[in-house]
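The region 'Disordered' annotation in Swiss-Prot covers 182-218. If you look up Swiss-Prot, you'll see 199-209 marked as compositional bias 'Basic and acidic residues'. Per Swiss-Prot, the feature domain 'Rhodanese' maps to 316-432; the stated evidence is sequence analysis. Here Swiss-Prot flags C379 as active site, drawing on similarity to another entry. The feature phosphoserine is assigned by Swiss-Prot to S455, with experimental evidence given as support.
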Amino acid sequence: MLWETIVEENNCSMDCNISNNTSSSSSINKMSGSRRARRSLELMSMDQEELSFYDDDVVPQDQQRSASPELMGLLSPEGSPQRFQIVRQPKILPAMGVSSDHTPARSFRIFNSLSSTCSMESSMDDEYMELFEMESQSQQTALGFPSGLNSLISGQIKEQPAAKSPAGLSMRRPSVRRCLSMTESNTNSTTTPPPKTPETARDCFKRPEPPASANCSPIQSKRHRCAAVEKENCPAPSPLSQVTISHPPPLRKCMSLNDAEIMSALARSENRNEPELIGDFSKAYALPLMEGRHRDLKSISSETVARLLKGEFSDKVASYRIIDCRYPYEFEGGHIEGAKNLYTTEQILDEFLTVQQTELQQQQNAESGHKRNIIIFHCEFSSERGPKMSRFLRNLDRERNTNAYPALHYPEIYLLHNGYKEFFESHVELCEPHAYRTMLDPAYNEAYRHFRAKSKSWNGDGLGGATGRLKKSRSRLML
């Protein structure tokens, strides 16, 4: 009985529990259904709320509800580059007693990244265009000055009127150097110059065209060119001074004007029917000539020199100088009467081609009239030293008178044929002293070497390899 009673009690309790569980489950189901209905109502009433990305909307605190994006289906699927985020912020209502029943419909403002980027770029482009328009308008109203210049200038820009030039004619100096195409009329023009343009500024640096006039000869062009150069070197006259037209200077004498005279002189010198002409091709030689070993030099015999010393040519020769080119120890051993010892080129320069000597020679040539002033060179045999000094004087004299060719300071130069050796053998009475000392005299071997080296150094020959040349000259002189 006891066990039956216990079983019945357990069954009752189980029935109660089952009933209780059934009632509880039904109540739970009812509660879950009510909650689902409430959520559906909340979703239906979500149109009254405003969801935004920005912080510019306000919602009353009593209406704040939590809505998950998962429920709204606003999130993109996994892996999509477009992701949305809903931000809801409280909205502060204005403090007004009566609120309007009709409120504007609230909607969602959802933008993706691409649309937001495009809108931002378009807004920035609009702002830049507005800035460019404002800058262009400010440049147009800035009186032609570059942009930004107004920020550098603090004061007001003032323009001073140009000073009026004094009354009267004024000369305008050309902006570039005078050339062939510019004439005197262009210089003295008083008209206002035209405004400079890029074309004119570029043309002023070009070479001007030569004058196209058929009457303008090359000589006239040179004349205008010389006048232009002289005007540039002269100081500019004052504006109030009277303008005077300067005439071009006469042409200077040049070598081209004497071409006819030179050609006629050369023709006369080459003509065998006429006598030999002196260096300036003006007249014939005063002394009789003979054939010598040097065809470029005019040689005379010992007999002619003796006659000159005796005065037989006094009607033709105003003065003469005999230059002995031997070494001093030879000259002291015996020389021609009145001869002068010059054996280096430096001595020739000092004797003949200084400024004082050339001026004195020109004066003597002018005073002598038709008579001549002659020079005679010689050495021991007139084979090396005498001809060398004679050529040196003629060449340097020709160089000094290049601008006055064929004029010369010493146009008449002679060479004594066979030198002092032959003259001493035939006219010993005209020698001082009556002796003859050779260059290779054994007693003066040291003096020979000394003066030989000295003459070569003065003449610029140098001392290198002098031994072979000395042996060659000695063997030639001993023949």
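Just so it is clear, glycine is given a Cβ too, placed from its N, Cα and C backbone atoms.
For the pair formed by the residue listed as 'active site' and the residue listed as 'phosphoserine', distance between Cα atoms is given as 14 Å, rounded to the nearest Å.
A simple way to gauge crowding: the CB of C379 (active site) has 25 other CB atoms within 10 angstroms, across all the protein chains here. According to DSSP, S455 (phosphoserine) sits within a helical segment. Its Cβ taken as reference, S455 (phosphoserine) is surrounded by 18 other Cβ atoms within 10 Å in the chains shown.
If you take every residue in the domain 'Rhodanese' (316-432) and average the pLDDT, you get 94. DSSP assignment over the domain 'Rhodanese' (316-432) gives 58 helix, 26 strand, 33 coil.
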